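A.B. asks: Encoded as structure tokens, here's the structure I'll be asking about.
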Amino acid sequence: MDPPPHAPAAPRSDGSTSAPAPVQELCLGLRQAGVSCPQATIGSTPSCSHPVPEMAQLTELHPGNYLFYDLQQTLLGSCHLEEVAIRVLTRVIGHYPHRNQLLVDCGWAALSLHGRDQVPMGCAAIEGHPQLRLVGLTQEHGQVEAIDGQLDFERFPLGSVLALIPFHACATAAMHPVYYVHAMGKVVELWHPVRGWVLHPHRGHATTLGCCAHAKVLCLHRGLAPMPRPSTCAGVLHPLRDSAPTPRLCSHAGVLHPC
């Protein structure tokens with residue numbers, strides 16, 4: 001019943017969107033045929049970003065990307081670049097003048113490869129440095145070069161921090177077990193995302209065997225003692241529950257955070 005994920009709503013002549021219309025027409029047809037239709041929902045972020053009065057007749061909106069926005073949504077017209085509310089911080093860890101490149105400690109495991117074929121920004125834009133672009137990603141490292149001309153390496157000493165604006169916030173956010181919420185240059189909150197897609201048991205089973213979306217390993221979610229599992233971020237073990245948070249060094253951002 002919903003449009004494809006991240007798909008833009010159909011434009012109208014006045015620049016607004018008409019996404020609710022097909023769903024409302026279908027619901028009306030079902031009700032006229034005697035079929036109960038108590039719920040009428042639509043995505044997506046582009047539709048929610050350009051609301052129309054017809055949306056008041058819907059039961060629910062579920063715009064998955066609306067929380068953060070990203071480069072993809074700027075291309076769809078959902079938002080402006082300054083409205084994107086997600087960043088991945090990375091440090092400069094190498095200078096390669098012979099390649100005219102910087103090496104940073106952010107790879108696809110912290111960012112994802114979504115958008116790599118998009119010109120000119122690729123997988124991410126570098127905030128405040130429109131003259132730079134991310135040109136290559138391995139699992140833990142990225143290569144940055146100048147769009148035109150020679151890099152000024154003195155502007156980016158080793159240890160300096162760059163803020164990357166992801167092409168696809170959903171894919172990037174799924175890579176991290178905690179989000180640092182900041183205001184005025186200070187971290188004010190930590191948000192821990194809910195992970196899941198657990199396989200529900202049949203009635204009478206004592207445990208739920210599920211796949212952890214973050215670590216991609218099988219784990220038991222109830223009925224047994226906590227089972228340690230590997231963290232794909234830092235390669236350390238931590239319990240699923242019933243113990244104090246384990247501080248560790250995140251290999252992506254180089255900062256301490258609880259598992």
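Glycine too: its Cβ is placed from the backbone N, Cα and C atoms.
Because TrEMBL annotations are produced automatically, they should be read as predictions rather than curated entries.
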A.B. asks: Of 1-21, 127-147, which range does TrEMBL call region 'Disordered'?
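C.D. replies: Of the candidate stretches, TrEMBL labels 1-21 as region 'Disordered'.
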A.B. asks: By DSSP, what is the split of the domain 'D-serine dehydratase-like' (85-183) into helix, strand and coil residues?
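C.D. replies: Final tally across the stretch: 12 helix, 38 strand, 49 coil.
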A.B. asks: What average pLDDT is reported by the model for the domain 'D-serine dehydratase-like' (85-183)?
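C.D. replies: Overall, the domain 'D-serine dehydratase-like' (85-183) comes to a mean pLDDT of 94.
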